[in-house]
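These come from Swiss-Prot:
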type: DISULFID; residues: Cys68-Cys80; note: disulfide bond
type: DISULFID; residues: Cys102-Cys151; note: disulfide bond
type: DISULFID; residues: Cys499-Cys503; note: disulfide bond
type: LIPID; residues: Cys574; note: S-palmitoyl cysteine
type: LIPID; residues: Cys577; note: S-palmitoyl cysteine
type: TOPO_DOM; residues: 568-578; note: topological domain 'Cytoplasmic'
type: TRANSMEM; residues: 547-567; note: transmembrane segment
Amino acid sequence: LMVVTSNADRICTGITSSNSPHVVKTATQGEVNVTGVIPLTTTPTKSHFANLKGTKTRGKLCPKCLNCTDLDVAFGRPKCMGTIPSAKASILHEVKPVTSGCFPIMHDRTKIRQLPNLLRGYENIRLSTHNVINAETAPGGPYIVGTSGSCPNVTNGNGFFATMAWAVPKNNNNKTATNPLTVEVPFICTEGEDQITVWGFHSDNEIQMVKLYGDSKPQKFTSSANGVTTHYVSQIGGFPKQAEDGGLPQSGRIVVDYMVQKSGKTGTITYQRGILLPQKVWCASGRSKVIKGSLPLIGEADCLHEKYGGLNKSKPYYTGEHAKAIGNCPIWVKTPLKLANGTKYRPPAKLLKERGFFGAIAGFLEGGWEGMIAGWHGYTSHGAHGVAVAADLKSTQEAINKITKNLNSLSELEVKNLQRLSGAMDELHNEILELDEKVDNLRADTISSQIELAVLLSNEGIINSEDEHLLALERKLKKMLGPSAVDIGNGCFETKHKCNQTCLDRIAAGTFNAGEFSLPTFDSLNITAASLNDDGLDNHTILLYYSTAASSLAVTLMIAIFIVYMVSRDNVSCSICL
């Protein structure tokens, strides 16, 4: 009895399928459905401003100076003297700083409103302990240092700003018109610091000008430092009486300006009557990032954004309104971005069938395989046991590593773009510290376009790498199966043994041993020999009987065939008689 058996199963490499496809954009394929995505963008909502995490954040210049504007602090108003804490970040909460108390100031004649913003741009700010000029003995003197009841000191006596000395001629002998006089302003700060020198001039109606200075004509003033020269001419009269912060009404006005002296550099001031000579100066160093915002600062945040307030960074990019931001901030992009985090979407696989020798089923994979929950790439087998699926964790991890690398590359691109294209935003200008919005928007558009292209290329690479992963799986599978299977193409192999779920799991884990699953091969014949009973006959006798019977049968058959042949040719006749 001979029994022929076939034990062929089919094993194929495959990719997972999903019932929830997502869409990503690629550079050349347009929109592609994938099994998973990593959202790269968020749209923030407006919140209160906060302290920047990991840094000291400055709100008011002098938090302990009560009832004082930042301009009061910058001028050194007597009741607004205090320490300005160091800070790496500052909130420009007075977009247009309000007027200072004390004496009425003509803010619009100079850039003095920018002084608080300039000071915010420094990390460390201190007021000098010594005066930069001896006002009493300055050219054109001797002078007395004027004070005003409109600017009371801490004891409520008459006072004036700590940064300026109101130089009033001491006696009638020098209360006369004078030609322009020049005083040198030395650098008294520490090396490496910037020196911010505040100065100004006073003007009033003709009567007061003659009374104070002996000259009723407009006076000329010039300041020069670091190659920047500024000219002013005073305005005589025409001012209505005005009181500041509850002070006494004043018919006169003061004009205040400042100059920035770099380390070791001197400045000059040329003046006539009514000069407000510089006294204590601001010594500043380091850089503090400045952003427009509002007070109070509540809690902490990763990022401070002019439009959204305090933000905690959850994604590398954001959509919505673009504006200046400081800290660990997401980068603005025009449209939402997603990075492929899986494989190209394939509908569940169909097994196409065709009849083969002995009714064997041949099929191949079309689409993706369901059930591969532990990974993206893996193996399938189908045969009498049905369909088994197993994920290859190593291949999946390699794919995940590539996506992680792409994500890290995008993060590096984010940092490089910030440093290269937005670096100028960190170096605040020495004066107004304002940005040209058109240039800033153009910079943001450029960064957004670069990031979007990088994401498209990353998605393209992730999707195209699937072929590499499948080819690697096919090589791995072929090596493990060895001679126990035949390569039939398309990543499929026909085995000479059964391969159920256990077999497939071992293949996926890399522990497969063909010997454990192999059965006799298809080309082996199973022959069952007939058993002979022993009747006391020896082998020779049995062989003799067998040979005689076989020979007699053969001779009889030959004679019968010969007779039939002769009769058919009429060479032999046969008569039957009864």
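Positions of Cβ are set from backbone N, Cα and C atoms, glycine also.
Here the structure is a predicted model, which means the values were calculated and not measured.
If you take every residue in the topological domain 'Cytoplasmic' (568-578) and average the pLDDT, you get 56.
Distance between Cα atoms for Cys151 (disulfide bond) and Cys503 (disulfide bond): 93 Å, as a whole number. In the three-state DSSP scheme, Cys102 (disulfide bond) falls into the coil class.
Between the disulfide-bonded residues Cys102, Cys151, Cys499, Cys503, Cys499 has the most other Cβ atoms inside 10 Å of its own Cβ, all protein chains included. Across the fold, the C-alpha of Cys102 (disulfide bond) and the C-alpha of Cys503 (disulfide bond) stand 91 Å from each other.
Within 10 Å of the C-beta of Cys80 (disulfide bond) there are 24 other C-beta atoms, taking all protein chains into account.
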